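The structure under discussion appears below in the form of structure tokens.
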Amino acid sequence: MAKAKFERTKPHVNIGTIGHIDHGKTTLTAAITKVLHDAYPDLNEATPFDNIDKAPEERQRGITISIAHVEYQTEARHYAHVDCPGHADYIKNMITGAAQMDGAILVVAATDGPMPQTKEHVLLARQVGVPYIVVALNKADMVDDEEIMELVELEVRELLSEYEFPGDDLPVVRVSALKALEGDAQWTQSVLDLMKAVDESIPEPERDVDKPFLMPIEDVFTITGRGTVVTGRIERGVLKVNETVDIIGIKTEKTTTTVTGIEMFRKLLDEGQAGENVGLLLRGIKREDVERGQVIIKPGSVTPHTEFEAQAYILSKDEGGRHTPFFNNYRPQFYFRTTDVTGVVHLPEGTEMVMPGDNTEMRVELIQPVAMEEGLKFAIREGGRTVGAGQVTKIVK
């Protein structure tokens, strides 16, 4: 094997393992790190199974999630990989986006085929916008009958097609994570084949700086003799001095203005970009024209909406959530980016109520418009206390 040297210039991609309990997600994660460590020792450390299985707990918006993070490199790319030990952790992670995925490895045991959680994870992947899936047909060493293997593969492809993934075309790689961990040459190669499929069929994500400019407003100030300054962290894109922007959300009408100055740490800049905390000086805007919770955008790139469908996870009592269920027409606050907006919840037909610890679909009507797109995340709050988290799956109006 030629040695690949560590280059920070390598594309970085976030992936994760999803699939039914005991189909081998964590074993496969460990096997990938071992196989890549053996193939490219300078690039990778092997992470043992126990370190991944005893994942530390993280808190995201008050929700406790056990997530294991490992990293590894192929010759082409640098990967950050998430694996969750429990089924509930997966659901919370996927809905809250605690660890965003550019693509996923769906692990299906060849001995079982698709199971209920396989379906649930694929449905969630579709709903929360995991864009690409590669299938690892695990425990392939335990199935001798080629016909059975082909049937299982067909079943997985049909399931993926049913949820609008390209089931007929996406890669399905037969692996044995356990045998690869034990150092078996044939199955070690299968894991390398899997990573080649991941390299080739999960595209590099668009970088935040390449997306249209958006900055949520956190604060508004007046600077005597200069005008109104809004501050916030640029969520995406690049903004240059003297560019025109729209300010939308919260109020019914949008405001269009020109950015006459960009400051960071009291220094004037020519441009600000994704990830930076900046102050923007706005031409001809009075302090009362803008408020926290609005967003500043590249004109026309995002629109404000009041009604949307969402997938949400409701905190359990142990997580500090509600102690009782809620019903149709529940009216909490929805915290988008930097502010709370009250909304009315409509539950799906046939859902009487939602218990703490459940995940559910819902349709929400907000009392004020919010700049939103599919995939936007929010917290559900009652008087400042987080009781749930979710993301927009479809805009209604």
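Note that the numbers count up from 1, one per residue, in the order the chain is shown.
For all residues, glycine too, the Cβ spot is worked out from N, Cα and C.
Keep in mind it's a predicted model, so treat the numbers as computed, not measured.
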Range among 42-45, 110-113, 138-141, 182-185 that Swiss-Prot annotates as region 'G4': 138-141
Of the residue ranges 62-66, 72-76, 327-331, 387-391, the one that Swiss-Prot records as region 'G2': 62-66
Candidate ranges 83-86, 223-226, 243-246 [criterion: Swiss-Prot lists as region 'G3']: 83-86
Swiss-Prot annotation of region 'G1' - which of the ranges 3-10, 19-26, 315-322 it falls on: 19-26
Confidence summary (mean pLDDT) of the domain 'tr-type G' (10-206): 92
Spatial neighbours of the region 'G2' (62-66) far in sequence, C-beta under 8 Å, 6+ residues away: 55-56, 84-86, 89, 92-93, 96, 98, 313, 315, 319-320, 386, 389
Structural state of CYS84 (GTP binding site), classified by DSSP into three states: coil
Pairwise Cα distance for ALA140 (GTP binding site)/THR26 (Mg(2+) binding site) [Å, integer]: 16
Assigned element (helix, strand, coil) containing GLY19 (GTP binding site), judged by DSSP: strand
Cα distance (Å, whole number) from THR26 (Mg(2+) binding site) to GLY19 (GTP binding site): 10
